[in-house]
Amino acid sequence: MSVKGMAIALAVILCATVVQGFPMFKRGRCLCIGPGVKAVKVADIEKASIMYPSNNCDKIEVIITLKENKGQRCLNPKSKQARLIIKKVERKNF
């Protein structure tokens, strides 16, 4: 292989290794659209999940699963109820 061919091959390999580390999209997809609700009736809560910032979404998301197949709701992470849920989940996990 000529020197020119080797230089091109080396350039392609270097570009491929650099490009591999870049994310496909600048902003990922969050599970919650919009700010979310301020509160949910405690009696209706079946499960609470917290999604911390990651490559997919750059904000904290508090997702509440409701009883009786009523679906899920996103709580505003700045609301009082969401802050209490975050504290409880963090205490439980540590």
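Each residue, glycine too, has its Cβ placed from N, Cα and C.
As annotated by Swiss-Prot, signal peptide applies to 1-21, with the evidence given as experimental evidence.
What Swiss-Prot records for Arg27 is citrulline.
The disulfide bond annotation in Swiss-Prot covers Cys30-Cys57 (among others) and rests on experimental evidence.
Per Swiss-Prot, disulfide bond is recorded for Cys32-Cys74 (among others). Under the DSSP three-state reduction, Cys32 (disulfide bond) is assigned to coil, being neither helix nor strand.
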Using a 10 Å radius on the Cβ of Cys30 (disulfide bond), the other Cβ atoms enclosed count 16
